[in-house]
Every structure is written in C-alpha cells, then in structure tokens.
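Peer 1: Found this in Swiss-Prot, in case it helps:
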| type | residues | note |
| --- | --- | --- |
| SIGNAL | 1-18 | signal peptide |
| DOMAIN | 25-251 | domain 'Peptidase S1' |
| DISULFID | Cys31-Cys165 | disulfide bond |
| DISULFID | Cys52-Cys68 | disulfide bond |
| CARBOHYD | Asn83 | N-linked glycosylation site |
| DISULFID | Cys100-Cys258 | disulfide bond |
| CARBOHYD | Asn123 | N-linked glycosylation site |
| CARBOHYD | Asn124 | N-linked glycosylation site |
| DISULFID | Cys144-Cys212 | disulfide bond |
| DISULFID | Cys176-Cys191 | disulfide bond |
| DISULFID | Cys202-Cys227 | disulfide bond |
Amino acid sequence: MVLIRVLANLLILQLSYAQKSSELIIGGDECNINEHRFLVALYTFRSRRFHCSGTLINQEWVLSAARCDRKNIRIKLGMHSTNVTNEDVQTRVPKEKFFCLSSKTYTKWNKDIMLIRLKRPVNNSTHIAPVSLPSNPPSLGSVCRVMGWGTISATKETHPDVPHCANINILDYSVCRAAYARLPATSRTLCAGILEGGKDTCHGDSGGPLICNGQVQGIVSWGGHPCGLPRKPGLYTKVFDHLDWIKSIIAGNKDATCPP
C-alpha cells in the first residue's frame, strides 16, 4: 500500500508539471527585486566573492548551512545586482556562530545548519526585512520558492549578476531515497524539486532559503550532479524540525541541543 501511494503521488506530480513550461538557480528567472528582502549573500573578506546564501530571520540573526562556514565571513544584506549597489545595502560580520554539529563534522544528509548572530543588528529598509520561521511543516506537493546567486548552468560555473528564483515542489522523501542510495531511512531534511528536472538549486546556492507560503521551510543543502537532472531532487535541511533549537539559541540558551 505504501508503494502504491508513493507511485500515485509521483504520477499526480508528473501530470501537474507536464503542463508547465520550463523556465530558463537552474531553470529559474531573475527574482523580482522586492521578493527577496530576507536573502543574504555570504562571502569572505579576502575573496570578496560570495560562496553561499543565507536567510535573515530577525534583525540580528541569519540562518544558513553548516557547509557555508568560513573564517572571516562577511554578510551582505539588501543586495540585488552584484554590479549595482542599492542605497540600503548593509554589510555585517558574525558576532557568534552556532551549529548542531561542528561545521566540519555535519553529514550531508543531517544537521547541515548554521545560525549566525550579527555583530550589529540590521535596519529594515526597502530591500531588507526578515522572513518568518515556519508555524507548521510544509505539505507534500506544496509549491515553494528557491532563490540565489548560484550558477545558472548545469555544466559550467555561470553565475548571474542578480539572484534567480524558481518554483519547485515538496516531494515525498522516498523520491530522494530512490535517487540517492546512501540516504538513511529517515532524516531531518526535505526532498524538493521537479521530477522531470530542469529546475534546481546549484553551486553557490547552498545555505539559501526554501520559501513556502511566506515562511522559510528549508535550507539549501545538497543534490545531484549535474544540477537539475530528472528524478534527482535537492535535499534541504528541515527548518521546522530545528525550530526549538533555533528559538532557544536566539533566547540566549547557548547550550541548547539539536534534535537527535
């Protein structure tokens, strides 16, 4: 019965996607300048080139992936074009960083999460505002939004000047287990993508948000290579499962433990 239910879900999703034209993140379009006020870019002082994204969840805290940790991180907020600076762009450095596991010992299918406390709070502005944490986990089949300055080519590193956005769907975790043999039977990750491929997060999008109904439900973690292959969805750290840890850290409990 479980197998029949999974196959039925896959068929429904495939039929619904077949009527949608592929958009040319991978398979995305330039984000509207006003839809990503919570999106931040992470880069290092020396390189001055971003390597990851993150999500502003209040004036003092940014959510990203553990894999995005670096020394001398700089955080740029309010940015759209990397070539044209908005008047309200703000740059911050971390005051503290928190992990479920060490940034060196997380696994790619579990606990890929980093919480950054900014040295100075940011001010809300035309292009800067936090996004809400989830009130409930996302439903299977939910249409969600991914965004970032990651490569827009599956075969070569082609980074856009502006963030790209794409709509993808929450898929049954069994779809990702079928795609990636080493995935455990259960994990605190979301499986999301497009079954026929063509839309996906890719290199440079790590740490960025998966937005469902105006709430950050996932953190870009990892996926197939090349990006955007059929039946190779992406894996996203499930924010809802880490909600108690996030709220405890923000409240000042530095000894808070992550879910097992």
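Using N, Cα and C of the backbone, Cβ positions are placed for all residues, glycine too.
Note that the structure is a prediction, hence the values are computed from the model and not measured.
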Peer 1: Across all the protein chains here, work out how many other Cβ atoms are within 10 Å of the Cβ of Cys68 (disulfide bond).
Peer 2: 22
Peer 1: So, in DSSP terms, is Cys144 (disulfide bond) helix, strand, or coil?
Peer 2: strand
Peer 1: Do you know offhand how many angstrom separate Cys31 (disulfide bond) and Asn124 (N-linked glycosylation site) by C-alpha?
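Peer 2: Taking the Cα atoms only, Cys31 (disulfide bond) lies 20 Å from Asn124 (N-linked glycosylation site).
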Peer 1: For Cys202 (disulfide bond), name the DSSP secondary structure in the helix/strand/coil scheme.
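Peer 2: Its secondary structure by DSSP: coil.
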Peer 1: Out of Cys144, Cys212, Cys227, point to the one nearest Cys258 (disulfide bond) in space (Cα versus Cα); all of them are disulfide-bonded residues in the record.
Peer 2: Cys212
Peer 1: How long is the line from the C-alpha of Cys212 (disulfide bond) to the C-alpha of Cys165 (disulfide bond), rounded to the nearest angstrom?
Peer 2: 13
Peer 1: Give the distance between the Cα atoms of Asn124 (N-linked glycosylation site) and Cys52 (disulfide bond), rounded to the nearest whole Å.
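Peer 2: Spelling it out, the Cα of Asn124 (N-linked glycosylation site) and the Cα of Cys52 (disulfide bond) are 22 Å apart.
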Peer 1: Taking the Cα atoms as reference points, how far is Cys68 (disulfide bond) from Cys176 (disulfide bond) in Å?
Peer 2: 22
Peer 1: Asn83, Asn123, Asn124: which of these glycosylation sites has the sparsest Cβ neighbourhood within 10 Å?
Peer 2: Asn83
Peer 1: Look at the disulfide-bonded residues Cys31, Cys144, Cys191, Cys202, Cys212 and tell me which residue has the greatest number of other C-beta atoms within 10 angstroms of its C-beta.
Peer 2: Cys202
Peer 1: Can you give me the Cα-Cα distance between Cys191 (disulfide bond) and Cys144 (disulfide bond) in Å, rounded to a whole number?
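Peer 2: Distance (Cα to Cα, whole Å): 12 Å.
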